[in-house]
Amino acid sequence: MKKKQSVPEEPAEVRLENLVKEEDEENEAPVKAKRSKADHAGEEVVYHPVKLSRNDLYRPPTAEELNQLKEAESLFHCSLLKMQMEELLKEVALSERRKRQIDSFIQTVTKLIQTVPDSPEVEVSDLSWLSGAVKVPFLLVPKTTKGKFHMAPPSSIDLIGSYPLGTCTKPNVMVDLAVTIPNDVLHPKDVLNQRYPRKRALYLAGLAQHLTSSSDIGTMQYSCLHGNRLRPVLLLTPPGKDSSSFTLRVHACPAPGFFKPSRFHPQRNNIRTEWYTGLQTSHSEPPTPHYNSSVLGDLLPRAHLQFLSAVSSQCSAFTDGVALLKVWLRQRELDQVGSSHWFSHLLHRHFALYASTDLTVNGISLAKDPDSTAPSISEFHDAFQVVFVDPSGHLNMCADITACTYKQLQHEASLSMQFWDNPTVDGFQCLLMTPKPMIRTSDHVFQLCELVKLQSSCKKLNLLSELMDHSGDYIHTALPFILSLLQQGLSQRIHLLTHSLSPDPKWSVESEAPKHKAQPPLSFGLLLRTELSSSVLERGPPADSPMAAEFRQLWGPRSELRRFQDGDITEAVLWDGESICQKRLVPKQIITHLLQLHADIPESCVRYVGAMVDDVIKTGKEESLVVVQSYDDLSRKLWRLEGLPLTITAVQGAHPALRYTQVFSPRPLKLEYSFFDREKTSRSLVPKEGKPCPVYITPITIICHMEGSGKWPHDRLAIQHIRAAFHIQLGELLRKHHSYTCRPCPTHLDVWKDGLVFRIQVAYHREPQVLRESLTAEGLLVVRDNDEAQALEMATIHKPLLTSTLHGLQQQHPCFGAACRLAKRWLSAQLFSDDITEDTADLLVASLFLQPAPFTAPSSPQVAFLRFLHLLSSFDWRNNPLIVNLNNQLTAVDYPEIKNGFMATRESLPVMFIATPKDKKLSMWTKRSPSIQMLQRVIMVAAESLKVLENQLIDGSQKQDVRVILRPPLDAYDVVIHLNPKQVPLLDQAVDPPAITFSRGVMSGSVAQPGGPLPVIDYNPVSLYLGELRVSNTSQVSARSVEVTGDEAKTVPNVEAILEDFRIMGKGLVKSVEARTEKWSF
């Protein structure tokens, strides 16, 4: 073994400048040669065409040429990505002006620090030399330790970290300055019992006291490096307007080589039990690997900088790779992971390394020739969950990273590799531009509040040795054990368990160091396995198995013996869950039970926000399932009908309830006949005079396609008559064979079945074409598209196809329907349902499941809803089509074709363009709405709703009222019409329903047998009133009068007439009309 080389004493920044200078000279050489060559070229070069024979011109491409074409195609994708990254690098790189400001401030601070006065030597615990204002940035637990301390000027001041390396990026510009503590201040035995960390903190306090009087320093705060309380730092900002442009982070470090690295072996102890607890012990001292790595980390930053400088000089892409990696980590809230420099300098290779290398099992070492005292990889694995050893061979750079955080890194890298290689995904936008906060990434999120309770967890889990190792930080002590416990309990229910990283606390130099309990709540994220996460049964091993005792130990009193249908008797745990909503919260039951049982964390300390938004949709999947089952039964009976002149070729649902996306799914109703009168001719039910408006019954649309035949006429009016005849005959057959109450109409047939109304529409596949055809005066046949044909095609072809496709998507992703219902609930509550239709909303949500990049497909309605709001507010509707690849029918070739066609005809296309496999060019779903103005308002409200909702979900101290995003602001309206609640049939569906309720002709109990009178169908006075207000011209005619002032004649609204029209048209429904005259201006 070679002996470890001593680190040169010259400042690191000088060496780095030399490296950069040599590299610049090398890079400039070829440029100069190229220019001189061009200067000497005096003659103009003349190119002559190459003559090719006919055979050469038309010969097929060779295999090599085909490979080159394929490479060019993939290269185009990579070239575009490269250009986008280059632009991003320009945005995050420091400008020359900023660098000059930083250099100037560094010089100022360096001069000030070098003039630190000496102080007399005192005991470490004696703080009398400090002024009363400046505090020590350290939690002194235990209170005292041995040792002497005095202030003295530093022996050297060096730049370390990313700034001298050239990898410092915006927006959070942090420049690191290493101040070397003089050797006479420290003692070789200061590694014991927190002596060195306390002296380090005292030295920083002395620097802060000296700098306080300087006007060249702006703000001054303490912080901790990566949240480690043993490594406080001093944060300095320049004065004046540049105070927020960058921060100088001052580290107090020992001289290189002052402590022997072998003293910090992960199996050695440097915190004595007797000193920490005050109790004598006869047991051997436990190792303190985390404490050791904290101290050792202060010895090596200069050596690390030298190593990275050498790597950077050998690889020109290193600097750019690290800068892009920082952006990638920051977007995923992983920028606290401290070793981003240490991975591959090329971004693509970085992802491949993370995705393929499991550092929790097989650690990596950068030490080519470590000395004999360096620990082995296996010894590192015994002490730490993740192992990545630095070039010295002594320090694990990932000592404070949990296995869950590394698994999260692996998961994100694997996803990024998929998106990078997928030509249908905008890799740049997904990888580097889209933020992935935990609340929008994880399916379920929960928080541990009142972190002081983790002290009792450490006691319950018997973690005294680990608590000593973390110097009393009970949060970091308990966290790995809590993660392991939850991982074991959730097991197959989750793909991934993540947790928030420790924030770097900041506090004034005049304040005491914050206690551990002052840390914000710990957040945990679950990425669920859809097929297993909501299972109410946890089936364990057989009763006579050796594993049964371990199962009982894990689940405690919830475990019990159960006999199953296959005859097995096993240990099992049964969780509560009758409805779909309750089953979604089974993970919550598991988490609260395990934390209470094993860690003494009461349920009151667990804030579970996995399904808080679900409460705004009262009904669940069960109601939709009843509708679908009734529809399936009716569909089978229609197929079996005999006696029709033509065969039924298809029965298709065309209603949102049949794809599980209806906000309030139709419910089977049992009518209270005393509430109604009978209509004289048809004997149908009608509401009695003076009674409240009857319950709203929505008809469920079914399209019944009849076979093509020469019997069909070729005249639009005749086809309508034939359809009406089919409606009559279908009604008679259903009444005869199944006793259903039916009411045929020219356009449809209403069927009263199982307390639901199904509206059957007969369709003939050639009718849209017939509507497009017309004869000219000369007798020529002209085919011209028109609104009537498009509407019929939409109703009979496209909507049924969409319904069946989305029904299939619901089978793949069980939370799809609930996510659509949440999205449409928000759109309706914010008064956008006329601008973004139900079908459009369903397609928008479908895109989140079919192309979820940079996320995985949602497995909870709440996270899907948050992504829906983000999609609405952040998608570039002006320059990009939203491509929804239903049934995966679009190929990689279709995507550029759709985008090119979109850009070529952008001005004539809808403002919100949604492309599907059957609609690549027109966006028929958004052809009529929204308008530009309404889309802008949707974007604005969605952005604000997302901000408010995420803040509520993350911050438990806020008022918890998620319905606030469903209450539309009425300030912008000039007139508010108040309705009579008695005549509003959907009153109980209001965001804030009133306490008073009305009987609407419905009884509780099971639905009666088939037959009986037909109820009032599709009657909603509010919708009818709004429709009349929109189409009526009466108010427009009476709302004008002419005002003559001087020589001008102005047309102004007759406000009184408008309001009177509102009252007259809504007689019985309108309670009052509120005119907000202070907002009017004419």
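The backbone N, Cα and C atoms fix where each Cβ goes, glycine too.
In TrEMBL, annotation is done automatically, which means it is predicted and not curated.
Under the heading region 'Disordered', TrEMBL lists 1-40.
Residues or ranges marked as compositional bias 'Basic and acidic residues' by TrEMBL: 12-21.
The feature domain 'Nrap protein' is assigned by TrEMBL to 175-313 (among others). The domain 'Nrap protein' (175-313) scores a mean pLDDT of 92 in the predicted structure.
Residues or ranges marked as domain 'Nrap protein' by TrEMBL: 353-434 (among others).
The domain 'Nrap protein' annotation in TrEMBL covers 440-599 (among others).
Summarising the annotation, TrEMBL assigns domain 'Nrap protein' to 617-811 (among others).
The annotation domain 'Nrap protein' is assigned in TrEMBL to 813-968 (among others).
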Review point. Looking at the stretches 175-313, 353-434, 617-811, 813-968, which one shares the most CB pairs under 8 Å with the domain 'Nrap protein' (440-599)?
Key: 175-313
Practice item. Tell me the residue counts in helix, strand and coil for the domain 'Nrap protein' (175-313), as DSSP assigns them. Key: 58 helix, 28 strand, 53 coil
Practice item. Kindly report the helix/strand/coil residue split of the domain 'Nrap protein' (353-434) according to DSSP, in that order. Key: 36 helix, 5 strand, 41 coil
